[in-house]
Amino acid sequence: MAVAPVMKPAASSADPILKVEHLSMRFGGLMAINDLSFECRRGEITALIGPNGAGKTTVFNCITGFYKPTMGMMTLRQKAGKDFLLERLADFEINKRAKVARTFQNIRLFTGLTVLENLLVAQHNTLMRASGYTILGLLGFPAYRKASKESIELAKHWLEKAALIERADDPAGDLPYGAQRRLEIARAMCTGPELLCLDEPAAGLNPRESLALNTLLQGIRGETGTSILLIEHDMSVVMEISDHVVVLEYGQKISDGTPDFVKNDPKVIAAYLGVEDDEIEEVIAEVEEVAHEVEEGGQK
Amino acid sequence: MAPVSATPGRAEASTMARALREAVLAGIIAFGLFVLYVGLKTDQNISNELILVPRPGLLAIFVGLAMVARFLGVLYIQPAMKRRRDAKSAAADLELQPSYVKRNFSTIAIIALVLYPPLMVALFGTQGSLKWVDNFGIQILIYVMLAWGLNIVVGLAGLLDLGYVAFYAVGAYSYALLSTHLGLSFWVLLPMAGILAALWGMILGFPVLRLRGDYLAIVTLAFGEIIRLVLINWTEVTQGTFGISGIAKASIFGIYSFDVGAPNNFAKVFGLPMSAAYYKIFLFYVILALALLTAFVTIRLRRMPVGRAWEALREDEIACRSLGINTVTTKLTAFATGAMFGGFAGSFFAARQGFVSPESFVFLESAVILAIVVLGGMGSLVGIAVAAVVMVGGTEMLRELTFLKAIFGPDFTPELYRMLLFGLAMIVVMVLKPRGFVGSREPSAFLHARKSVSSSFTKEGHG
């Protein structure tokens, strides 16, 4: 493909959990995403970065079903080997069946429910089945009581992980900002996801909270093996924790590789810092040279 | 504000001075406001000329009232309110244990309700109890049940429904038509009316799934009107505005009947003097049981995933979908469950009245039910019950205020001022308690301690 010449020979032999192919999203005359392809590997943290307006959140909304993409295919392969075409699922089924959970850029908690209740709402589908779609639960069958106890145990587990156990009975809207971010991640984890999509989890956090977030995310990956896809502006978070970085600009992929590779990619540097007009030629030449080498390397 | 002084005597004196000053000021403002409107009156004299008639006496009364009210307000009411606020904030620090009555309010209320009919019979005699059991007891309990049903849709799921009375109508007509044509009994038709109303709730639910806020409210309002217009115009079935009369009474599970001619008439079997009161007392217990069923199911549902999903839907619909909650079925179940209780109440209403006509199901009824829910505090069962007692009982009570005739003259009919006072009372309550009588929300689960959630965090829902 000619569009994205700069590409590290991808280790695509590794088991990908999410494969995005030729994804395009058009809003009227605006091409928000143009023919984007990338992969998230299982058990890794993939970061999606790019300047403002590059289309990162649009990619997220396509993956999690809030937008129907104009074109393209998104395949999610679960651990058990089951494949889901995300563009064909209704928004709630992406979480319910494909097991993709997400958080939002502007935190969306149930502010009037307590912290614990927020985590119980996240276990809706499990509890719904256990309560016989409400009917058996309403009649007081013991199966629901047992499931209800288990759901509280699971909530407790994630509250401890997110360091929120002390505030379990407070309204979610009463928590400080950093805690709300952690709660939203804990809530997403309570749905038992295989892929966790985080939209700017470190936005608005102070350095200490940022550090706590890194620990939480690495803990999630380490313990549950959940793959993580995250959008982030905070480079300290991106470079620290991600295994794989995809860079977007104007809806197209301009770089894809390890954090170190991306950090030194002239195209990325140009996109982030901007270059002088007379340097553009230079940068393009450099970029093409690199691309040439890569292509040759690939052919060999 | 008066400067804080060490000696209480001086503080009092300064308050007095301030009160006098403000009273004079209020008097001047009142004079300015009323001098043209009240102080002067245009009249026609014999030669058809407009003349100005000064009314200094009336003007003086107005100004005097304003001055006295302001004086008393500054001198007594403001310090009293300040003391109360201080006491309240001090009490909050102490984490005061709520009083015995407050803690066991529901239990005490239920016991009181069960004992209510015999008490009324003991106080007013069999015939005299009729008014108290029927006009107050049953009437209020019907509204309690309707408001509890609507609370599921509005208070929990946050879907503003202005056409709730439609389901009440569906329930009432289901019972009226099916009992007159098929001769089925109340106890068979009660669940059927509920199911039919739930079905109509779903039918309403489908088209409005994508609507939110004002748009949803308008469509539900229209739905309520459509049902009423169908009832008026489909004369072959519903007999239009004439309504359906002679609807069979409910029986005590078929064992005892309340029909006068029946051999198993309740009064006859027990050798009691004939009276309509027994039927009303029986109905009182039926509606009490139905209302308690509504409360029980609501409390139970709130602890179930579907109830939590309703409340989550009220808080944030997009977050719900990201958590794998099917918002379509969640909304539909809310509409259907709310409508079902409306249907129960409707069939009870038909059995109680023995007559239904479209006139009973006008928009005003929906508005009153919604007002009860909002006034009581959305989501709170106790608050709503209290609001129903105040709103329905209060308006009924106005009929009883015959002593007002002594003050305002024999032409005064307090009923005519019902709506005026009703509106005034609502404004006062909403100013003092913007989130209703019980604004806080009880969490459905807790880990360490149950703490109620302040109303500043809960949302009203977007639609």
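The backbone N, Cα and C atoms fix where each Cβ goes, glycine too.
What TrEMBL annotates here:
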TRANSMEM  B:20-38  transmembrane segment
TRANSMEM  B:58-77  transmembrane segment
TRANSMEM  B:105-124  transmembrane segment
TRANSMEM  B:136-154  transmembrane segment
TRANSMEM  B:159-178  transmembrane segment
TRANSMEM  B:184-203  transmembrane segment
TRANSMEM  B:215-234  transmembrane segment
TRANSMEM  B:278-299  transmembrane segment
TRANSMEM  B:332-350  transmembrane segment
TRANSMEM  B:362-395  transmembrane segment
TRANSMEM  B:415-432  transmembrane segment
Using Cβ distances below 8 Å and needing 3 or more such pairs, separated by at least 6 in sequence, tell me whether the transmembrane segment (B:332-350) contacts the transmembrane segment (B:20-38).
no
Test the contact criterion for the transmembrane segment (B:159-178) and the transmembrane segment (B:215-234): 3 or more CB pairs under 8 Å, pairs 6 or more apart in sequence, then answer yes or no.
yes
Which one, B:58-77, B:184-203, B:278-299, has the most C-beta pairs under 8 Å toward the transmembrane segment (B:136-154)?
B:278-299
With a Cβ cut-off under 8 Å, give me the same-chain residues at least six positions beyond the ends of the transmembrane segment (B:184-203) that come close to it.
166-168, 170-172, 174-175, 178, 227, 248-251, 253-254, 332, 335-344, 346-348, 351
